[in-house]
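Student: Below you will find the structure I want to go over with you.
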């Protein structure tokens, strides 16, 4: 009886251990795989959205491209660029224009990392801010958290981006006109120099030709002088 009880106890313990093992549920595993698939698809979709956003951003304003506020520190710029560059990297993003967006993003980070370029950009944005505040009949010292700005529709930041966009476009047009004018002036100077070189070349050729025909001219003069003397003597003889 003892042996039977022992055997029964062992069997029950073994059965208990087997029943305590986690059972694999096929439907649960399928759900997990589906969740992973949906997560990957969502991530790919988000990458595509970010690529499109960067490509549609205003190219003359690096803050728009990096989706940063003008008050962002240099560390903020580097951190945001690192995050976005990894997120839309052509090796990860399947969007056909991901390489183009990556280059745009890199250029924006480079411009904001250049103290001189960022200072020029900030100056134009600050000027846009002053123009906007003036149009709203608000003091130039008005802060972003001022109730008069927070109640605006469209929001003040949206208006500021629009005003800055117009001014950045105007500045770019002036810059391109100046470049075109400089190129035109450089072309005029180049033509003047070419004309001077050509004139000197012609003068050198004329001087060379003059020297080469010197003997011919001397002989012609001698012949003319000799003929004149003979003619004069003949005339004198006839008169005498």
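Our numbering is plain: 1 for the first residue shown, then up by one each step along the chain.
Each residue, glycine too, has its Cβ placed from N, Cα and C.
Automatic prediction, not curation, is the source of TrEMBL annotations.
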Student: Could you tell me which of the ranges 129-184, 185-240 is annotated in TrEMBL as region 'Disordered'?
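Tutor: Per TrEMBL, the stretch marked region 'Disordered' is 185-240.
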Student: Averaged over the domain 'J' (61-125), what pLDDT does the prediction give?
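Tutor: Averaging the confidence scores along the domain 'J' (61-125) gives 95.
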